[in-house]
Amino acid sequence: MANKQSSCLYTTVLDQKLSVCSKLCFAIGGAPNQVAGSATAFFLQIYLLDVAQINPFQASMVLFIGKSWGAVSDPVVGFFITKSKWTRIGRLMPWMVGCTPFVVVSYFYLWFVPPFTNGRFVWYLGFYCLYQTLITCFHVPYSALTMFLSTDQKERDSATAYRMTLEVLGTLVGAAIQGQIVASAHTLKNCPQHNMSVSHLGNGSGAEIVKRIVHSQDFLSHAKEMYMIAAGVIGGVFLICTVVMFLGVKERDDPYILKTEKQIPFHKGFILVMRHGPYLTLTAAFLFISVAIQLVQSNFVLFCTHAVDLRDHFQNIVLTILVSAVVSIPLWQWFLERFGKKKAAFCGITWIMPFTVMLVFIPNLVVAYVVAVSSGLSVAASLLLPWSMLPDVVDDFRLANPYCKGYEAIFYSFYVFFTKFAAGISLGVSTLCLEFAGYDTGACRQPDQVAYTLKLLIGAAPVAFIVTGLLILLLYPISEDVRLRNKLCLEELRKQSGISSRTLEDLSNP
């Protein structure tokens, strides 16, 4: 009997370890979400304004309602995941595999310009909401999957580092694919000496007006084609990455839970999660930080195009930011292991503030690339740290509620809900600011007030949000000592659970 128990414990310890192949396949599964998310974050706003040519108010409604709809769908999807039964391929995997083809279709039609004009607002609002719903069905179970890869904190942190590296690489790939394919649709070569907007077509002879109309139509036709090609390529990447994840990742059941037939009801789980102080502190802090990053992402291409003379370089500057982020992920993983996650968050995210302000006041090409390299360090930290710290919060909750099961999706879905909802509000408000500043849809050159507004959205606003988030993060209670204590307590809980399950097995098989 003793040899049997020793063998079981030895097998369990070995099962905690993840192979490099498993970590890579898990990380590859998260890349397509970031590939598509990067393309929409950097280019959807300018696409709606200059290619689809809906007015700024309608564009702001698409961005705000779509993001808000995606935020609301997170807890709804989380609820259904908690009710999901275990299958041969797991409890979370069927969600990711099943929704992927529909995600690809909805994403493609988001970048398609319909032949009608009056209903375009409804078209983009409908497909953006559909895309947000479907991508939520992929992202919530994928995020929660972290807790079911291994029982070892170091293994989960390592898998998260792999994931963040591949996700930032996915962000890079998304921006590269989208940026390089559609860059020709936004360069100065497509802009004559005068604006091409309808409000300016009356300034010139009849021949000039006809020439500008023909030029504008050629530009739009070219831009539509380029955006659809980019959407098709990104859709293919999404399919391939999901297949790799499905073939290379094994989902495990929760080994910590003390054996019980009852699963925690969703509403009780929600109340318990919302009362957990570390979770609320972490979510609130990164809510403000993620809003700041979203503001920079969504307005950066517009800033380069209309506020500073960098319209011919924006795609390369974006790539520089993302390459810097990819390279610095291992640095931040080392830093958080050496000095702690909280210190890593403060050092990494504070780094971006002086450089974004520098680009606003010194808008030349050399400074832009220096800012891009420096900003990439903070982008990497803002992506890695919340997903690395969230499992620690879940572990802390596990110790306080050892008989609860099926709550992981609640943690991850509501974290994404709050950050998405805040980002939706900020993006909607920022686009409305451009409307009030007099943004001229389809024009190559915008009024000075638009340039001033973009500088505020890139400089002052993100700095204010980051400072607020870091002040809240000061209250985060899970230090490295607390993490170590929780790890030891969870190991003891896992052993108790293993002994309990073996005792039940022995009783059922006398």
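Glycine residues also receive a Cβ, built from the backbone N, Cα and C atoms like all the rest.
Taken from TrEMBL, the feature transmembrane segment covers 92-110 (among others).
For the transmembrane segment (122-145), the residues of the chain that approach it from at least six positions outside its boundaries are 26, 29-30, 33, 36-37, 48, 52, 54, 61-63, 65-67, 69-70, 73-74, 77-78, 81, 92-93, 95-96, 98-100, 102-103, 106-107, 109-110, 114, 242, 249, 251, 387, 408-409, 411-413, 416, judged by C-beta separation under 8 angstroms. Marked as transmembrane segment by TrEMBL: 122-145 (among others).
What TrEMBL records for 166-188 (among others) is transmembrane segment.
The transmembrane segment feature in TrEMBL is assigned to 226-249 (among others).
Among the features that TrEMBL reports, transmembrane segment is placed at 270-293 (among others).
The transmembrane segment annotation in TrEMBL covers 313-332 (among others).
Residues 289, 296, 308, 332, 335-336, 368, 370-371, 374-375, 377-382, 385, 389, 455, 458-460, 462-463, 466-467, 469-470, 473 of the same chain lie 6+ residues outside the transmembrane segment (344-362) yet bring a C-beta within less than 8 angstroms of a C-beta in it. What TrEMBL records for 344-362 (among others) is transmembrane segment.
For 368-388 (among others), the entry in TrEMBL reads transmembrane segment.
Per TrEMBL, transmembrane segment is recorded for 409-437 (among others).
Distant neighbours of the transmembrane segment (457-478): 277-278, 281-282, 284-289, 291-293, 295-296, 299-300, 303, 307, 342, 345-346, 349-350, 352-353, 356-357, 359-360, 389, 392-393, 396, 426, 430, 433, 486; these residues of the same chain sit at least 6 beyond its ends, with a Cβ under 8 Å from one of its Cβ atoms. Sequence annotations record features per position, and here TrEMBL assigns transmembrane segment to 457-478 (among others).
Recorded stretches compared: 226-249, 270-293, 368-388; the one with the most Cβ pairs under 8 Å to the transmembrane segment (409-437) is 270-293. Among 92-110, 226-249, 270-293, 368-388, 368-388 has the largest number of CB pairs under 8 A with the transmembrane segment (313-332). Ranked by number of Cβ pairs under 8 Å to the transmembrane segment (226-249), the listed stretches 92-110, 270-293, 368-388 are led by 92-110.
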